[in-house]
Structures are given as structure tokens and as C-alpha cells.
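K.L.:
Handing you a structure now.
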Amino acid sequence: MRWPGNMEKIVICLMVIFSGTVAHKSSFQGQDRLLIRLRQLIDTVDQLKNYVHDLDPELLPAPEDVQRHCEQSAFSCFQKVELKSANTGDNEKIINVLIKQLKRKLPPTNAGRRQKHGLTCPTCDSYEKKPIKEFLERLKSLIQKMIHQHLS
């Protein structure tokens, strides 16, 4: 007669373990989405570097040496910039797809929510304007910094 009681305990233990695993995984899911998105952005920037000569040569505000906790703000400055294809050649469609990928919002994070409270970050207009190649290098550097901070 004791067997059903033990079986119930085992089933309950397994359910607790399973639900704890699911809860643990879902709490990290948003973080994983951010990391995946940031790594995709690195690839996108690298691809855009191949088309530097096909982009409008306009000088663009490019954040550098971004203060800690101002990364999201600086990233949004990069996203607000109007990157444009310089010609209507074969590469225009590819460039436009890459630019759209850069403009997609990042998944929400706790750090992003904290940043909105009480921290004063530089405005987009305050950043020095740079040629497109340096703009892309600084964007990549910022994304790498965001990945590093996310992992630490």
C-alpha cells in the first residue's frame, strides 16, 4: 500500500523540478534574445562595411567612448541616423535590407529600463560627425561593448 504514496511524492518532486527549470529558462530567455540580436547586429555592420563605397558619403554623428549606462541611448542615436544608398545599382536592395536590420528595436532589458531613470546621457546632436566608415566602426565597437557588459 505504501507504493502509491511514494509514487505521488516522486511525481510531485519531478513536477517541482520541471517547473523550476521552465521558470529559470524563461527568466533568461529575454537576455538570450538580446545577445542573439546584438551578435546579428555585429554581422550586419560587417556586411555594411563591404558596401561603404555604395553608401551616401554624408558625415554622421558617431558616439565614441560612451559612458557606462548610456549604451542604449548611444545605440538609439546610431539607429536614428539616415543611412542611405548613394546609387541605384545592384547593391541598393541589399543595403536597404541591412539598414532596416540596423533600425530594428532591441529586445527589452532590465538595464534598458534602469537607464531611463535619472541618468543624463549626451544627446545625439552632441556627438562628433564622422565619415561612414568610421561611423560603422564606432557602431560595431559600441555593440561589442554592449555584448561584453551583457555577459559580465
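Cβ atoms here come from the backbone N, Cα and C positions, even for glycine.
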K.L.:
Could you pull the disulfide partner of C124 out of C70, C77, going by Swiss-Prot?
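P.N.:
Recorded partner, per Swiss-Prot: C77.
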K.L.:
Rounded to the nearest angstrom, how far is the Cα of C70 (disulfide bond) from the Cα of C124 (disulfide bond)?
P.N.:
11
K.L.:
Would you count the other C-beta atoms found within 10 angstroms of the C-beta of C124 (disulfide bond) for me?
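P.N.:
Its Cβ has 16 other Cβ atoms within 10 Å.
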K.L.:
Please report the distance from the Cα of C121 (disulfide bond) to the Cα of C77 (disulfide bond), rounded to the nearest angstrom.
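P.N.:
Per the Cα atoms, C121 (disulfide bond) and C77 (disulfide bond) stand 11 Å apart.
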K.L.:
Take the C-alpha atoms of C77 (disulfide bond) and C70 (disulfide bond) and report the distance between them in angstrom, rounded.
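P.N.:
Distance (Cα to Cα, whole Å): 11 Å.
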K.L.:
So for C77 (disulfide bond), how many other CB atoms are inside 10 Å of its CB?
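P.N.:
So the Cβ neighbour count for C77 (disulfide bond) comes to 24.
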